[in-house]
């Protein structure tokens, strides 16, 4: 494929136009008075959103050079979203400001490498300052405020405060679409997996069609159980202990299953068999999770444990197990808290390592099931367009709240950045182009606040100067137009979101400033014209 090249200042200007196109589309959504953006879809209703990363993902420009700039700006939004789950618009606005001012200085003769060193040093200093300004999330009130600011809806804030109260910071909160118009919260205590009883004869509560085992043993088996000889020695021991038994295995069939069913019907003892969830390596991992939670050992040939040789100490126990035809819930497993904490740490390390979104989601689910439960928030709305927009806002709010619990909170409304750059007053002792790089960050940091104010119909630069003169923690509440103590008023931002936005913006801006050449594919029509197609037919009609 033939390539086109663009060099020097012309190349950087093209990148800047691309960054501008994307940033201008995104920054109108900033703040409580921000506008929405409507995105056309190839099929179905258009999407209405005020989420920076959703808008950014849709932007593709016609000019290939400008498109490179837009894609770089898109990277700012997606990276911030991956790390913090929110703050994508802030990150894009910061990147635009750094690129603008930076390129002006490069055109005036500043060395891009010097600017980059200054920017990096400034970002590190501001990032540390933000951390020192942060305070820990304190109870449901703070969580409700953070979620309210992110979703721009107090009802969502209250609901998420309840959700996190129930499942803790590692718990899974999933957002699903509902057929009603209401917002609802479903909480599942303990570990639940999507496999039910193998035979309906195991049911203990005929009315609810579920099997309930109180204070039960749990057998976790990696293979199939078909022959009753393998199972009999264990069943006799369980019978003596007079406790019910849950069997989780790849499958239970043949005479092993019929023996369990017959004994259940006769009332000799109460047992329920369910298939293991998942498949392949994921099934092995989930079985180990269940074993850790209940204090069991996974019975498998590969670890030298045979079913006909095990004692009761290889079984786990749980206070209550409920099995329906579709799923199994284990509440209060007897696994030791150290083992569970170790398993949780191991899964967290896997989450950090994985590149696949699907794997990450599945690992997060396993994490939640080990650490306390699952909340499902059901979102309803009057139209499909409104439903999608609402669901998106709530997902963002969940991410923002999680980020807040992790690293703490600072005053919102763009004021934390304006106050944090006070550490750059002396340009960090740098000189020359590095000092200019530090100054770039100091100037760019006020842009999110300026656009929050502009979108609220106020004079941006005036607001920035006013907030700068206020003490740390105070700023503009754009929803009311008043200058208040933002921490007291509940206008809060997760510090992780603000730091990620600044870091990712600086990273992309530095790339643009140090770029000198752009290489893109030549367009098809250019190739056709230059190739001079001489394939004309000369058929003469008689």
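Just so it is clear, glycine is given a Cβ too, placed from its N, Cα and C backbone atoms.
The feature ATP binding site is assigned by Swiss-Prot to 29, 30, 31, 32, 86, 87, 88, 89, 90, 413, 477, 478, 479, 493.
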DSSP on residue 29 (ATP binding site), three-state: which is it?
coil
Going along the chain, which residues six or more apart from residue 90 (ATP binding site) have their CB under 8 A from its CB?
30, 52, 80, 414, 448, 497, 498, 501
For residue 90 (ATP binding site), what is the secondary structure by DSSP, using just helix, strand and coil?
helix
If you count other Cβ atoms within 10 Å of each one's Cβ, which of the binding-site residues 88, 477 has the most?
88
Over the residue list 29, 30, 31, 32, 86, 87, 88, 89, 90, 413, 477, 478, 479, 493, recorded for ATP, what is the maximum interresidue Cα distance in Å?
20
